[in-house]
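Novice: Dropping the structure in here first, questions after.
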Amino acid sequence: MKMMSKNSVREVALDIVTRVGHQGGFSHLLINKTIQQKGLSHKDTALLTEMVYGTIQRKDTLDYFLSPYIHNKKKLKPWVLWLLYMSCYQMVYLDRVPDHAVIHEAVEIAKKRGHKGIVSMVNGVLRNLQRKGPASLEEIAEPMQRLAIETSHPLWLVNRWVEMYGMDETARMCYKNLERSMMTVRVNTTRTTREEVIKHLTDDGFKVAPTTLSEQGIVIHEGNIIQHPLFQEGALTVQDESSMLVGEMMDVQEEMNVLDACSAPGGKSTHIAEKMNNTGAVHAYDLHAKKVALVKQKAEQLGLTTIKTAASDARMLPQQYDEHTFDRILLDAPCSGLGVVRGKPDIKYAKSEDDVIKLANIQLQLLQSVSRLLKKNGKLIYSTCTVDRKENEEVVASFLREHPEYEVDPSFFTDLPKETNGLVGLSQWGLQLFPHDFDSDGFFLTRLQRKDGHHG
Ligand SMILES: C[S@@+](CC[C@H](N)C(=O)[O-])C[C@H]1O[C@@H](n2cnc3c(N)ncnc32)[C@H](O)[C@@H]1O
């Protein structure tokens, strides 16, 4: 492990935010790659992650804060603009480094990378910010616009969420999206029990608690779990608590024949195989062969031999299997990902209304295709990690309109953990979890049942 000087961590952070902000790309992937390539220490990793996530997560707010002091923003080189955003983030939101030190470091970076004009502009803008403070959010009179800027979400998304879920729920979600998400892990119950793992981790000095939505999950409140030997032993997997609810609600039994149509990287396939105590079969597909390899790898790590992987477009699966083949089907569909912006802040800037509409069409096609393969009385879970009625409730409603042989499984609602009772997101079509409900990903799931006595 190497320690870097604070300034070089800042430079690496600047390269990442500039690249993500200017060319696109996922910050979490770039951070992970950098940590591996440079072999960063735990401390450097924490600083790098804080600066990259914080700056990207709050980009629009930072832009607003700096707006009185930056003229001709369009003319600035991308790295200069992102250097200003990153410095503003530290000055406004982090207490650890005094403002004068942040300005000094920014100026040093500007000297290394730019000409004199840039150096004095960076110095001038940040000194103004220090002296006069960030532009006041109070001046934005229109409530949705203010929420959008205050929480750095695009206005179209705030408007859309307000229309769908109301101002209160939207505001809670937008603020929650600015927080760092909690790490949760799932215990491989074919190897050990949650009680044993909780004891083991507590003895090792971790602060942990059982999850609410799954009987296999553990929330890590304190401690760096990622290097823990329990992972090497195949006793743990990292998984968000909302995702764990899917495995819980699959209602599987030993020896069942299960299809997971969109399975990569394998979080839910492996959970299902664990639930079946490594009996029966989980047929795990994904469009991309490279991603299918991840499912295989995860299954091997966890010793789950009943998972069979292959690449395929899920829409083609009816050509490979007879109707009524599977006892259970999971369609964890590709989606806009608007429920996971805490962990992947880039998503909120990258997605558009158009994407939502296109994805909803694909989701319906996928549902129509895989639904043919379910046995009578079988159950199918449809889920997404997004918060949008078009991709969630409306896909389910359209599907059910065209498929009278299906219904929302009435026992879905009674099987849900009691803590979900009375949630705003619970409807006749399924359950929309908001990130602020359980401090987990924004997520939708429902369970459909193929009725007996119908053909087709
Ligand atoms: C939400 S992710 C699945 C996450 C996975 N179920 C898990 O728990 O780890 C959706 C997946 O669908 C895959 N996908 C997209 N289009 C597909 C298609 N037409 N057929 C099959 N898989 C598809 C994507 O490659 C992606 O891995």
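Along the chain as shown, the residues are counted starting at 1.
Placement of Cβ uses the backbone N, Cα and C atoms for every residue, glycine included.
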Novice: CYS262, SER263, ALA264, PRO265, GLY266, GLY267, LYS268, ASP286, ASP313 show up in TrEMBL as binding S-adenosyl-L-methionine; which entry in ASP332, ASP346, ASP354, ASP355 does that record put in the same site?
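Specialist: Looking at ASP332, ASP346, ASP354, ASP355, the one TrEMBL places in the S-adenosyl-L-methionine site next to CYS262, SER263, ALA264, PRO265, GLY266, GLY267, LYS268, ASP286, ASP313 is ASP332.
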Novice: What binding-site residues in the list ALA264, GLY266, ASP313 lie within 10 angstroms of CYS385 (active site, nucleophile), counting C-alpha atoms?
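Specialist: So far as Cα distances go, none of the binding-site residues lies within 10 Å of CYS385 (active site, nucleophile).
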Novice: Just report the maximum Cα pair distance in Å for the recorded S-adenosyl-L-methionine binders CYS262, SER263, ALA264, PRO265, GLY266, GLY267, LYS268, ASP286, ASP313, ASP332, no decimals.
Specialist: 19
Novice: Can you count the other CB atoms that lie within 10 A of the CB of CYS385 (active site, nucleophile)?
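Specialist: Here the count is 25.
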Novice: Which chain-mates of ALA264 (S-adenosyl-L-methionine binding site) that are at least 6 residues away have a CB under 8 A from its CB, listed by sequence?
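Specialist: Sequence-distant Cβ neighbours: ASP286, HIS288, LYS291, VAL292, LEU294, VAL295.
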